[in-house]
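As annotated by TrEMBL, repeat 'Solcar' applies to 34-119, 126-222, 232-319. Look at TrEMBL and you will find 37-57, 94-112, 132-152, 235-255, 299-323 tagged as transmembrane segment.
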Amino acid sequence: MFGGIGSSGAMKVAALLTSAQSGSEKMAPSIFSYSNLVHAVSGAVGSVVAITVFYPLDTVRTRLQVDDHRRAKHAHEILADIIREEGIAELYRGWFPVVTALCCSNFVYFYTFNSLKLKFIRGTKSSPLTDLSLAFVSGVVNVLVTTPLWVANTRLKLQGAKLHTKAYDKASDRKYEGIRDCLEKIIQDEGFWSLWNGTAPSLMLAANPAIQFMVYEALKRYFQRAYHTAELSGMLYFIIGAIAKAGATVVTYPLQVVQSRLRAGLAKAEKAQSLLQNIMYLVKHQGVGALYKGMEAKLFQTVLTAALMFVAYEKIAAVIFRLMGLQAPPHKK
């Protein structure tokens, strides 16, 4: 193969190939590693545990966001209404598709976030701005990969629900038999790109986990320095996670309302296809308060869920690292 370039040329080519192989071996561990896998699995399992515990509050939040004629009430009143009108089992309507989507979503997010941390800040001092940037990029990757699952999730969750929104009633004739069937029917009825309904607000909402992780990582580093330990108590992880998620949720909540409506398929019926059109439609027909419908339930649900998820994530990851004899990648505090 190298006969035409001489022995010296062949040696140079071989050296280049060896160098390239060595370089790829050095890069591979930073992206494809047991450490990243442990973080991804821990985040996915932690999210499943947390959402299962607080799922009824998520049901309340979704109903308030997409049901225009339901009078805004407190979370416990909506829970009572659903139980009285539809039965207690309705509080867990759509649980499986939610868990499936959330598990995949958190796996992608945690894997991407920790891969980026290993790549860009391993052995260096992290900062809130760095955490914010890496978390935002991770959120964008997550949105692009998992939005179809969340669209199907919203349709399945609202299927058969007693809503008073005429626009949704007109769009809800289809019956879905699971995530795959839902995805296929959405493509058939509305087109392939309808699977990415709500992507625009979702991309903007990548700021939510970005803010959340920036605050969480900053507070975690602070308490690790204060207590001179890498592993904090479960209660402290819970408090840090709750504070981080509460701040991120309040800032980005109006976008979450629009996101839910787009995923539910209300955009075509209301002739409000874009993010701005949806916001204007809600403000015009229901007032500014419509952008914050369900925020009480959302704060309860998302703050408690995120707090419990972080506790489960940190503890599961710590146990797996110990069992496998691995060491979590060090980052300077």
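The chain as shown is numbered from 1 upward.
Cβ coordinates are placed from backbone N, Cα and C, and glycine is handled just like the others.
What you are looking at is a predicted structure, and each value in this text was computed from that prediction instead of being measured.
Sorting each residue of the repeat 'Solcar' (34-119) by its DSSP state yields 75 helix, 0 strand, 11 coil. Long-range contacts of the transmembrane segment (132-152) within the same chain: residues 97, 100-101, 104-105, 108-109, 112-113, 116-117, 120-121, 176, 179, 182-183, 186, 194-199, 202-203, 205-214, 263, each at least 6 residues beyond the stretch ends and with a Cβ under 8 Å from a Cβ of the stretch. The residues of the repeat 'Solcar' (126-222), classed with DSSP into helix (H, G, I), strand (E, B) and coil, number 76 helix, 0 strand, 21 coil. Per-class residue totals from DSSP over the repeat 'Solcar' (232-319), listed helix then strand then coil: 78 helix, 0 strand, 10 coil.
Put simply, of 94-112, 235-255, 299-323, the stretch with the most CB pairs closer than 8 A to the transmembrane segment (37-57) is 299-323.
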